[in-house]
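Below: one structure, written as structure tokens.
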Amino acid sequence: MKALFRACRIGKVMLRYRLDTLLDGTAVERWLRLAKPFVPRISAEIVEQSRGRRLRLALQELGPIFVKFGQILSTRRDLVPQDIGDELVMLQDRVEPFEGQTARSIIETALGKSVESAFAHFDTVPLASASISQVHAATLHDRRAVVVKVLRPDIEHQISDDIALLKSLATLVEHTHPNADKIRPREIVAEIETTLAAELDLQREGANASVLRRFWEASDDIYVPEVIWSHTAERVLTLERMYGIPSDDIALLDASGIDRKALSSKGIRVFYTQVFRDNFFHADAHSGNIWVDSDPARKSNPRFIVLDFGIMGQLSQKDQYYLAENFMAIFHKDYRRIAELHVEAGWIPPHVRIEELEAAARSVCEPYFTRPLSQISLAEVMMKLFHVARRYQLTLQPQLILLQKTLLNIEGVGRQLDPELDIWVVARPVLERILRARYSPRHALKELNKRLPEIMTHAPDTPRLIHTWLVQQVESRKQNDVYLQQIRALAMTLQGLQRRVVNAIVGSGLLVAAAVLYGLHPDGLYLGTIPVWSLISGCIGALALFSAWWRS
């Protein structure tokens with residue numbers, strides 16, 4: 001019953017924001033139309049809004065889980081139209097905070113001790129509040145300033161109920177929407193469920209932060225706050241407290257004397273290093289999660305501070321290689337290579353003609369190369385390439401789509417800091433250097449050395465495994481020979497049967513012809529009372545039937 005009321009409310013909100021137009025021509029749209037008399041009249045202000053804005057406003061009204069749904073949907077640019085995707089990016093994950101005393105209770109249950117014994121001071125008024133968690137300031141007994149991230153009470157059940165409802169809606173859309181095969185609603189909901197499940201485990205988020213910190217511990221480019229593991233559990237995450245300037249606060253950055261040009265180039269370099277050197281990249285890199293160190297000593301060599309580690313990305317080695325090669329092919333305007341790489345990577349079926357893909361890649365990339373370098377976006381090029389490739393049954397792993405969205409965010413942050421940022425000039429040497437190092441003989445020897453214990457462990461078994469493999473090959477060949485003989489015998493049997501069938505058909509036909517000729521008494525030679533042609537047909541027909549019977 002609760003789910004029914006929730007579904008009714010969703011339908012009511014959809015109608016209020018005229019989202020029924022997104023379902024035109026479907027069974028759902030017809031049912032929604034029946035409910036229109038029970039919904040207040042739509043204001044002229046809403047009618048004048050774009051469909052993307054109407055969807056964004058509706059999701060905000062439906063609550064925090066649907067806001068999170070919209071945010072995740074905005075990352076799937078391969079599935080949603082550009083106008084809707086651009087609007088969903090602007091969704092703000094801000095909700096009313098829950099009681100500070102409730103947060104204290106959750107912390108005490110998770111850590112197994114009182115707040116007073118865990119912290120010297122704990123501020124019950126949150127610093128920030130979002131759909132899944134909220135953050136409180138605190139001080140440890142050793143006087144270190146920290147922030148404590150606490151999951152909302154009963155959030156798991158709320159998410160479970162809303163996910164179940166979304167699954168039902170996705171199934172309905174899949175069966176009624178004419179473009180369901182392109183939208184793939186159940187795939188979207190499954191991805192949302194996976195992402196939310198990861199964000200509900202704060203210990204996992206702490207592990208992500210710890211790994212990223214280890215990669216960049218000695219770097220002047222980014223700083224990752226330390227995880228306080230003694231004060232971290234599945235529902236509570238305690239991190240070193242950071243102070244900085246949001247990367248989109250241009251006025252404050254300028255007032256602090258930060259070199260924005262150096263900062264923007266550094267952001268691009270850091271991203272490509274995370275993807276191709278570390279294979280562990282921050283996948284929620286919007287300006288709210290990227291701050292700038294406000295230390296006056298770092299004005300000329302600014303440093304990023306990274307926050308929120310719930311969504312991290314990793315690529316398979318295969319996708320890493322093909323993505324890097326794609327970037328290099330774009331840099332060199334090698335459209336043939338771009339097409340070949342899409343097929344070799346398995347993103348596009350092998351039956352698609354390379355020439356068609358090459359022409360499609362050229363039509364996407366060439367218009368970008370006519371622009372000033374400061375206006376070229378590598379993320380946009382990749383997004384357009386993938387969008388065009390959908391016509392050729394493009395299949396991408398979710399992590400690649402996540403990377404595409406992250407690259408778009410990183411370029412956006414970089415262009416905010418420096419509108420004249422030349423992403424190609426910054427990215428190309430970094431990518432070339434990383435690829436040279438990654439595929440160098442030294443790196444190959446390093447990887448070999450890393451796997452040497454495994455190789456040495458299995459080395460004694462190698463002769464036995466080779467012998468077993470050779471025996472299998474010999475046995476397989478013998479078995480194949482037997483199968484081949486059986487197939488040949490079967491083929492000969494079928495050929496004989498085919499000849500007998502033909503003889504029987506011919507014989508029967510000739511006997512019928514003989515009987516017809518005998519009955520018609522045609523002009524010509526007769527042997528007694530039998531026409532000669534009838535006699536010849538009968539004899540040949542009888543021989544053919546006897547041949548078919550004798551062979552059987």
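Keep in mind that glycine also has a Cβ here, set from the backbone N, Cα and C atoms.
Listed in Swiss-Prot:
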| type | residues | note |
| --- | --- | --- |
| DOMAIN | 121-504 | domain 'Protein kinase' |
| BINDING | LEU127, ALA128, SER129, ALA130, SER131, ILE132, SER133, GLN134, VAL135, LYS149 | ATP binding site |
| ACT_SITE | ASP284 | active site, proton acceptor |
| TRANSMEM | 501-521 | transmembrane segment |
| TRANSMEM | 530-550 | transmembrane segment |
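Features as recorded by Swiss-Prot, highlighted on the structure.
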residue	record	contacts (Cβ under 8 Å, 6+ apart)
LEU127	ATP binding site	VAL135, HIS136, ALA137, VAL147
SER133	ATP binding site	LYS149, VAL150, LEU151, ARG152, ILE155, LEU202
ASP284	active site, proton acceptor	ASP308, GLY310, ILE311, THR406
On the three-state reduction of DSSP, what should I expect for ASP284 (active site, proton acceptor)?
coil
Name them in sequence order: residues not among LEU127, ALA128, SER129, ALA130, SER131, ILE132, SER133, GLN134, VAL135, LYS149 whose Cβ is within 8 Å of the mean position of the Cβ atoms defining the ATP site.
PRO97, PRO126, VAL150
Give the number of CB atoms, excluding that of SER129 (ATP binding site) itself, located within 10 Å of its CB.
17
VAL135 (ATP binding site): tally of other CB atoms within 10 A of its CB:
21
What average pLDDT is reported by the model for the domain 'Protein kinase' (121-504)?
85
